[in-house]
Amino acid sequence: MDTFRKWLNKPKADDKSLLARFYHADRSLTAVASELDSFDGRAEPDRCTRLVSRLRQNQDKVLAITNLIMEELLGEERDPRAFRAKFPEEVLQENLAGQLWFGAECLAAGSSILNRESESKEMRPLAQAVTKSLSNVRVLLRDQCLRNNVPNSKTLHLDFNDSTTEQLYESLKIFDHLFAEFELSYVSAMVQVKSRHEYEMQQWIGVLFSETLQRALKIGLLDQDMVDAFDPGLMFSIPRLAIVAGLVIYAKGPLNMDMPGDELSEMFRPFRTILIKIRDLLRNLSKQELYQLEKLLCTNEEINTKVPLGYSSIEAPSPEPNSSNNHNNNNSNSSDSGSAKTSTTSPHKAVERLVDHRNNNNSSSCSASAATQAVARSPSMLSLSAGSTPTASPAPSPTPSHSIASTSSAATTSTNPPANWSEDDDDDDEEREDDEEECGMLDSDEQDLNDDSDSDVDEYIEAQLKAIVAAADCASGYLIPNTNLGNLLQPQTAPLTDNFVASEDDEFGAEQEQEQQQRQREEQLQPSSEQQEEPSTSAAMLAARRTLQRLRLPSSSSENEQTTGSNQQSTIKTPNGGGQPMRSGSQRQRHHSHHHHHRHHHHHHHHRQHHHQQQHQPAQAEQHSHHHHHQTHPHRTSRSARKRCSQEHWESTTAEQQQTIDHGHGLASADTSNASSFSDDVSLAMRNTTARLKFKSTENLLHRLFVCIAGVADQLQTNFASDLRQILRSVFLINMSSSQEDIDIPEKTKESELFEFRASENDVIQESAGSNQSIYSAEEVNPELDNVFNMGNGNGGGTNAARHSAGAAMQRNNTIDLSGGGYNNNNNNNNNSGSSSSSNSSTVARSHVARSRSLGDQEAATSGTLQEEQRQQQQQQQAQLQLQMQRQRNNSVGSNSPSSSSSSSSSSEHNSPISTRSGSRRRLHSNSASMPSIGSTATTAAATAAATATTTTSATTTTTTTTMSPPAWIPDGKAPRCMSCQTPFTAFRRRHHCRNCGGVFCGVCSNASAPLPKYGLTKAVRVCRECYVREVRSSRTQAHSQASRPQAASAS
């Protein structure tokens, strides 16, 4: 019985129904599997390889058709496959199902995945269940092919009351569940699949990218047009900006480096070490520097930082006459008394920031003493912080690092350069340097502290000052190039270069200048230096006090302004109490020179800074030269001698500072818990600033930050290309300015709607009313009523023109009544002048139809104009007829003019897009319709001449080939199914656009290719089957007509 059913109901090879396609694919798979089992694969490896390739192709085909059947039968009951979102993009291929089936059979047969033995052992039972379930499904589907197959049916026609159909339904559900489970297990074993947490972290990274893009658009780093145009440069700019924003702007987001490493996204986990160091540097940048860095990351332009690195970021108070000297502004004019205009960085402001809090909380005598000591040191502090310090922030900085740090560094004394220290001293000094110079992390809004809060921590501050000031002698400050942290920005896992920090050549050059300047200062030591140590120590203590208190207690800007105003007078008074506004320039310069006796670890540009000041301060030039140029000793001090001198001087300075602290303030006990937490805050803030102190200038810092950030972001393009593409695609779609207009899928209900109108030579306007290259658009023409589709009518060109005009009027919702006399006249003239006059009069009719439409359907004017111009056209056509008859006679004696004309016409019509569908059959038909009317008055030669005239006219009107714009593509989201076979698209069945109609089709329905010269596409491109049939058929018909026309003309 089964044999009979198989013989009777066997699907034919051309049957396109799902069951028939499955039947033939399954038979092909069975044949290949049988051939594989028939020989030893080890004996014939080449044949075995070919058969295995065919086997996998057939498995793909069988599973693809099975998937379509399950999609139709199960529908929403299919097992969900949301886990595919976690798969890499490279895994989701069309042949994934075949790979899974092949892997399941291998595992079921006892094989194991390479280096995945444990996972293979776990998956083996599941693989056996999958292969067994799939075999059962194949048997049931083959049975359904022989029972319920309907030839060429697009849907399944199963008998749901039959037990075999119910059994097939349940078997498909079981197979679908097992296959989905095996897919997840197998792919997870083969490639790394994200966990739930990692997938959520990737989504947070996408949110960070989107927020970064919106911020960049807001501040003007990027343009909305770049986002709308999907600028490829944004693929590099957005990840770079996201790193900066994630580390600084959104510090608690997915790039929070304080979270454990295993909680960080796997995209940035390999770069955690370098990201922490980048974050520490970014936190010390001002707003202007951060903007310059972000702009550099977007445009790759050169860094242009005109503001010096040590330029103050604190705004000076309102200018007052003779209040300060300007040591930073080169354009200032110095008077004889040394007074100058107040600039952004003034010694008055620097001193005020150091002692205003001290003046608020201590007695009047202590306040005056502190102010005096600070004023005595202010010029040196200013010169270090403003012009020569390579580690402070530029002017707009919200977190200035110049004043406190440079003050405490400038107020310390030392005798030897840091290159002479031992390794242990280097380590200790670096920690002390961190504690001292982290003061620059403080925000300018927190310059003053609350008076009530000061007493709580004052005693502990005094205890901490001793250690900080004692460490200042050996602290290298801003002045040491990077000597120990050679891999400051070098991650352990990211293959970036080592040249991110200062090189040894730069370090050696800095040490040479420091040693030369140190030799000069050592010879300048005077007994008065001991007297200056106490003010130096006091200034350092005050600076450190303000630093520690700012870290502990916040204050408002209003308090800062009040304190500034109340302490301004006490700050600028002299120790004599005489009420002089400030010391003269010579007095200040003496203090400046005394400071240089003790502070040798200053920047190597400091010497040049004094020369620069000398040019603008004539009153101070003599003393400045005296203190710096009277030394003529060229010898070099040995390292051991400098080391001993450094140690001895450090011990003596420590003892003096201890006595000064004990005498001036005294030490008291403080709260241990508060002290420890306070110390942690100080050390943390100071560690953050230490990294910035290693760079010579702002340009150097920004350049190396750019190299590090760009290196990390660009490695994401390589290591996590798939994830980054998905994130960027989502970001672009979210941040587009406006979504595209919805484009509905056109429903092809009528065969005529599949054709586009293309004007023939009869449709060309040849009068002055319009260009001779103009044609009617598709909106103005009804193809069903046009003579392009009217092949069998023999009423002449005038009737076709009338129909076409009427169709155009219907399209435009206008009513155009043309007088019958005009068209009767037209037909009579056609009968008297041949087919050439028929074509031309039809053109005239079209011309006037268009003109009447534009002028408001003026019937009478149209009829009168038609009759007039038809008379003129008749005379011209008669002259042309005589000329063509003469050319025909020349052709009979060997002239090649008509043949060349015919050949040019043929070539031009073949290449012209506007005559693709208006083949020569219609022109010959028009000629044959007009020929009987002139049979009694013309000879056969005249008829041939008329045909040649028509060909010449066609050649004239089609010489200029116009390229049409390609059709708009339907978006992928608007086409869930193939527009031809209605098969739904899946992750394995991808969409393809037809270049001719713009529709969306599957790979089967759009597997043809053909050139489209009408769109300027001379090479073969993808087109759907319908367009291929239509285009190829029309082109072949046209070519055949053009080839037969010269033969007919020569035969006649």
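From the backbone N, Cα and C atoms, a Cβ is placed for every residue, glycine too.
Residues or ranges marked as region 'Disordered' in Swiss-Prot: 311-348 (among others).
As annotated by Swiss-Prot, compositional bias 'Low complexity' applies to 312-346 (among others).
Under the heading region 'Disordered', Swiss-Prot lists 379-455 (among others).
Sequence annotations record features per position, and here Swiss-Prot assigns compositional bias 'Low complexity' to 379-392 (among others).
Sequence annotations record features per position, and here Swiss-Prot assigns compositional bias 'Low complexity' to 400-419 (among others).
According to Swiss-Prot, the feature compositional bias 'Acidic residues' maps to 422-455.
Per Swiss-Prot, region 'Disordered' is recorded for 506-539 (among others).
The feature region 'Disordered' is assigned by Swiss-Prot to 551-678 (among others).
Sequence annotations record features per position, and here Swiss-Prot assigns compositional bias 'Polar residues' to 554-574 (among others).
What Swiss-Prot lists as phosphoserine is Ser555 (among others).
Swiss-Prot lists Ser556 (among others) with the feature phosphoserine.
Here Swiss-Prot flags 588-614 (among others) as compositional bias 'Basic residues'.
Annotation comment: Swiss-Prot describes 625-644 (among others) as compositional bias 'Basic residues'.
According to Swiss-Prot, the feature compositional bias 'Polar residues' maps to 652-661 (among others).
Residues or ranges marked as region 'Disordered' in Swiss-Prot: 814-973 (among others).
Sequence annotations record features per position, and here Swiss-Prot assigns compositional bias 'Low complexity' to 824-842 (among others).
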Practice problem: Among the binding-site residues listed here (Cys981, Cys994, Cys997, Cys1002, Cys1005), identify the one with the smallest other-Cβ count within 10 Å. | Solution: Cys981
Self-check item: Which of Cys1024, Cys1027, the listed binding-site residues, has fewest other Cβ atoms within 10 Å
Solution: Cys1027
Exercise. Taking the Cβ of Cys978 (Zn(2+) 1 binding site) as the reference point, list residues of the same chain whose Cβ is under 8 angstroms away and which are at least six residues distant in sequence.
Key: Pro984, Phe985, Val1000, Phe1001, Cys1002, Cys1005
Quiz prompt | Output field, Zn(2+) 1 shell: CB within 8 Å of site CB centroid, site Cys978, Cys981, Cys1002, Cys1005 dropped | solution = Arg977, Met979, Ser980, Gln982, Thr983, Phe1001, Gly1003, Val1004, Ser1006
Quiz item: Given the recorded Zn(2+) 2 site (Cys994, Cys997, Cys1024, Cys1027), which additional residues of the same chain have their Cβ within 8 Å of the Cβ centre, ordered by sequence?
Solution: Arg995, Asn996, Gly998, Gly999, Phe1001, Ser1006, Val1023, Arg1025, Glu1026, Tyr1028
Exercise. Measuring Cα to Cα, tell me the gap between Cys994 (Zn(2+) 2 binding site) and Cys981 (Zn(2+) 1 binding site) in whole angstrom.
Key: 14
